[in-house]
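Report on the following structure.
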Amino acid sequence: MKNEKRVYTFGNGKAEGRADMRNQLGGKGANLAEMNLIGIPVPPGFTITTDVCNEYYEIGKEKVVELLKSEVEASMKHIENLMNLKFGDPENPLLVSVRSGARASMPGMMDTILNLGLNDEVVEGLAKKTGNPRFAYDAYRRFVQMYGDVVLGLKPVNKTDIDPFEEIIEKVKEEKGVKLDNELTVDDLKKLVKLFKEAILTRTGQAFPTNPVEQLWGAICAVFDSWMNDRAILYRKMEGIPAEWGTAVTVMAMVFGNMGETSATGVCFSRNAATGENLFNGEWLVNAQGEDVVAGIRTPQQITKVGSQRWAELQGISEEDRAAKYPSMEEAMPEIYKELDAIQTRLEDHYRDMQDMEFTVQEGKLWFLQTRNGKRTGAAMVKIAIDLLHEGMIDEKTAIQRCEPQKLDELLHPVFNKEEVKKAKSLTRGLPASPGAACGQIVFFAEDAAKWAGDGHKVVLVRIETSPEDLAGMAVAEGILTARGGMTSHAAVVARGMGKCCVSGAGAINVNYKQKTVEIDGKVLHEGDYISLNGSTGDVYDGKVSTQAADLSGDFAELMELCAKYTRLVVRTNADTPHDAQVARNFGAVGIGLCRTEHMFFDAEKIVAMREMILSETLEGRKKALQKLLPFQKADFIGIFKAMDGCPVNIRLLDPPLHEFVPQDAKGQQEMAEDMGVTVEYIKQRVESLSEHNPMLGHRGCRLGNTYPEITQTQTRAIISAACDLKKQGLDPKPEIMVPLTGSVFEFEAQEKVIREEAAKVFEEEGVEIPFKVGTMIEIPRAALTADCIARSAEYFSFGTNDLTQMTFGYSRDDIASFLPVYLEKKILNVDPFQVLDQRGVGQLIQMAVEKGRGVRSDLKCGICGEHGGEPSSVRFCDKIGLNYVSCSPFRVPIARLAAAQAAIENE
Ligand code: PEP
Ligand code: MG
């Protein structure tokens with residue numbers, strides 16, 4: 001145990017913790033402490049540290065309870081004193097909530113228990129004291145239900161089963177002939193409690209504990225246990241949160257939003273979490289407990305009048321109806337609304353970021369239960385950072401640091417094709433919970449989503465409501481549609497975090513899980529039918545609507561300009577077509593870092609010539625095929641040079657793993673035989689003789705150019721003559737020719753000679769000359785080790801970290817999937833090294849090669865062009881070791897630019 005103090009109290013304007021103690025107290029605990037310190041009304045409580053969570057898993061439940069006992073007892077006294085109530089005392093009972101709270105927010109992943117401290121005697125006392133037996137028994141009913149589920153484990157056995165507690169509620173309602181929960185009488189609620197307890201005893205073998213102290217320890221331990229539940233583990237994996245961080249546990253005095261019409265509960269955001277708009281917004285429910293809002297069981301009302309009017313417009317509700325049936329909090333409780341608005345402004349000013357807050361109003365008194373920096377979509381992230389900058393709340397560097405590079409990805413995601421969507425049939429409209437467009441086949445269960453997606457289908461997950469158990473299904477779905485729940489329902493919060501399109505609260509849809517159908521406005525859709533969602537408007541369309549790339553300007557462009565101001569490392573792109581080059585250039589790429597020439601032969605006509613070249617046994621045969629390839633290559637290079645006019649274009653000589661290109665199937669072999677005028681037998685035999693045991697280590701890269709120099713000659717001719725043509729047209733092509741898979745300087749020099757001789761010939765024929773560079777990939781460990789020798793001849797290095805990772809680890813890049821999951825599970829690897837650069841091993845080779853190379857050639861330009869070039873942590877490393885550029889696929893260019901600017905600021 002690092003710190004002997006295990007429990008930190010807060011309440012009444014004082015606190016033992018602070019906002020910067022989130023590592024020990026979790027985000028929730030730290031901010032509750034901070035809110036006390038800045039005078040915001042928060043119910044008193046205490047937080048057990050995240051270190052205790054680790055102790056819990058090291059030494060076990062009993063010992064941890066023993067260690068915590070005296071501090072927890074003293075802290076409960078502290079709450080009792082401040083609230084003037086007594087835990088377990090029927091005359092004047094204190095009830096508490098027990099909540100989880102990790103360092104990073106994990107919405108809905110762990111467990112919470114409310115109304116703890118009730119039993120048959122205490123509930124009677126509470127009823128008497130409040131004069132509101134309905135409230136008391138409703139609280140008791142909820143507590144037994146929550147405790148039975150979370151602590152005692154009475155849950156549905158199968159996913160399709162309904163919740164055992166809900167089953168009992170439904171049965172009682174049926175007997176009574178009522179539809180809504182609030183139509184149940186106090187006696188009905190009493191009956192529910194009794195039936196719940198019986199079900200818990202018969203189905204779990206455990207009796208519901210009547211002693212409040214026993215209840216408290218059960219709940220504290222259950223929260224620690226929930227750190228290791230499946231959904232929390234999955235969420236941590238997705239968000240890269242280490243298990244060692246642990247969760248804190250906060251125990252807080254209960255305040256009640258369900259004590260009648262002057263009580264309420266809600267969730268609010270200081271700005272719009274979906275769009276970033278600077279507009280206070282949120283949802284609330286009168287006479288309800290907090291979980292009613294987020295669980296998506298009742299569709300809540302809007303807090304502000306503007307929000308409420310916008311919501312009504314989307315739902316097609318008239319202003320009179322809205323004002324009468326769905327008033328905003330601003331209209332229904334104007335005084336409290338004013339206080340709420342003032343506090344939300346204060347919290348945002350204090351934290352200088354968008355806040356996501358939970359509050360409760362108990363009989364006219366406002367309490368804040370939580371504040372945190374709000375999760376937001378990629379679009380909102382950029383807008384909020386730029387707006388806060390303009391408002392003078394943060395400086396430029398902070399604005400850059402506030403944006404998560406990976407999240408930019410969401411901005412780059414498609415929207416619907418405008419024409420198609422005009423013609424599409426709108427089935428209904430729900431809430432625009434998470435923006436973007438999605439189109440896919442309907443599935444109803446998370447497991448089905450995973451299965452279908454695994455088979456290559458695009459799916460949309462359709463649910464009545466989602467629960468955290470659906471996380472895995474949501475992760476693989478294109479979009480999520482739910483019948484119930486508001487903008488802060490679990491589905492909405494999680495989808496926004498994932499950057500997934502989500503439409504929630506589409507009340508007009510009727511989901512039938514048993515039949516796997518959804519009925520919308522009389523039309524019945526089945527599993528597998530197509531549906532399209534617009535998460536920005538809430539529209540649900542029948543069938544397929546195709547999508548198109550997003551428009552990037554405004555705040556995004558401003559952020560990118562800021563990045564350019566602070567970055568040191570520039571970003572190039574990996575592109576093999578003029579279109580991709582143009583896309584990347586629009587995203588701010590300043591050149592091509594890798595043009596894989598073999599990728600230029602994937603289309604039907606070109607692949608035949610390429611295969612012919614590979615299959616030819618003789619020099620003549622190859623030359624003939626190469627002559628066919630030459631015009632294609634030249635035309636492609638012209639297109640690419642044009643798209644990247646004035647910027648360097650690094651073209652790599654042919655590096656085809658042969659097995660990917662020779663025809664393996666009978667049809668392809670037949671075609672090749674006809675085309676080359678030989679027998680199928682001959683082709684078969686050639687394919688066989690070309691087959692290799694280890695194609696990745698075989699006849700590829702510069703080994704090809706060194707054994708067949710005519711390939712290098714032809715490619716050089718295509719590159720240089722394309723550049724000459726453009727030069728004559730007044731353009732400014734900047735070719736770089738790169739030798740792949742160099743392992744020794746001699747391999748490089750042999751190729752360099754061929755390149756320079758052929759280029760000289762072309763210049764002479766064309767009558768113009770263009771400066772160009774000849775460099776090499778460094779992707780074999782030996783090349784890194786002998787980089788000083790190679791740099792004598794090579795004018796630049798480009799680190800091919802895909803092959804370098806493959807050959808440094810000895811993991812086949814094509815076969816890692818067979819053992820990677822187990823390696824990750826057993827923590828032999830923390831991440832996939834093909835995605836995140838292994839800085840200690842592969843990174844060391846890169847760093848050494850840069851130093852050795854620059855020792856010989858001080859102006860040696862170094863870049864990286866493996867997949868890592870667009871991965872933020874790898875980009876940071878590239879900046880640290882002084883590379884000149886990173887190169888990545890076009891859609892990752894903005895991500896790399898942001899990561900590069902952040903790296904420059906951090907490494908300053
Ligand atoms: C590499 O090996 O990192 C590289 C960029 O080349 P390729 O992926 O084409 O082998
Ligand atoms: Mg490679």
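A Cβ is built for glycine as well, from the same backbone N, Cα and C atoms used for every other residue.
Keep in mind that this is a model prediction, so the values were computed, not measured.
Feature annotations, reproduced from TrEMBL:
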{"type": "DOMAIN", "residues": "23-389", "note": "domain 'Pyruvate phosphate dikinase AMP/ATP-binding'"}
{"type": "DOMAIN", "residues": "458-538", "note": "domain 'PEP-utilising enzyme mobile'"}
{"type": "DOMAIN", "residues": "553-903", "note": "domain 'PEP-utilising enzyme C-terminal'"}
{"type": "BINDING", "residues": "Arg596, Arg652, Glu779, Gly800, Thr801, Asn802, Asp803", "note": "substrate binding site"}
{"type": "BINDING", "residues": "Glu779, Asp803", "note": "Mg(2+) binding site"}
{"type": "ACT_SITE", "residues": "Cys865", "note": "active site, proton donor"}
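With the fewest other Cβ atoms inside 10 Å of its Cβ, the least crowded of the binding-site residues Arg596, Arg652 in this structure is Arg596. Straight-line distance linking the Cα atoms of Asn802 (substrate binding site) and Cys865 (active site, proton donor), rounded to a whole number, equals 9 Å. Glu779 (substrate binding site) is 10 Å away from Cys865 (active site, proton donor) when you measure Cα to Cα. Proximity of the binding-site residues (Arg596, Arg652, Glu779, Gly800, Asn802, Asp803) to ligand 2: a Cβ under 6 Å from the molecule is found for Glu779, Gly800, Asn802, Asp803. The Cβ neighbour count for Glu779 (substrate binding site), using a 10 Å radius and every protein chain shown, is 26. Sequence-distant neighbours of Asp803 (substrate binding site) (same chain, 6+ apart, CB under 8 A from its CB) are Met696, Leu741, Met777, Glu779, Ile780, Arg813, Gly866. Annotation for the binding-site residues Thr801, Asn802: lowest Cβ count within 10 Å of the residue's own Cβ, Asn802. For the domain 'PEP-utilising enzyme mobile' (458-538), the number of residues in each DSSP class (helix H, G, I; strand E, B; coil) is 18 helix, 30 strand, 33 coil. Predicted-model confidence for the domain 'PEP-utilising enzyme mobile' (458-538) is 86, expressed as mean pLDDT. Report note: the substrate site is defined by Arg596, Arg652, Glu779, Gly800, Thr801, Asn802, Asp803, and the residues of the same chain whose CB lies within 8 Å of the CB centroid of those residues, excluding them, are Leu594, Asp655, Pro740, Leu741, Met777, Ser798, Phe799, Leu804, Cys865, Gly866. Residue annotation for substrate gives Arg596, Arg652, Glu779, Gly800, Thr801, Asn802, Asp803. The furthest Cα pair among them is separated by 15 Å.
In this structure, Gly800, Asn802 are the binding-site residues from Arg652, Gly800, Asn802 whose C-beta falls under 6 Å of some atom of ligand 1. Cβ contacts within 10 Å of the residue listed as 'active site, proton donor', excluding its own Cβ and spanning all protein chains shown: 28.
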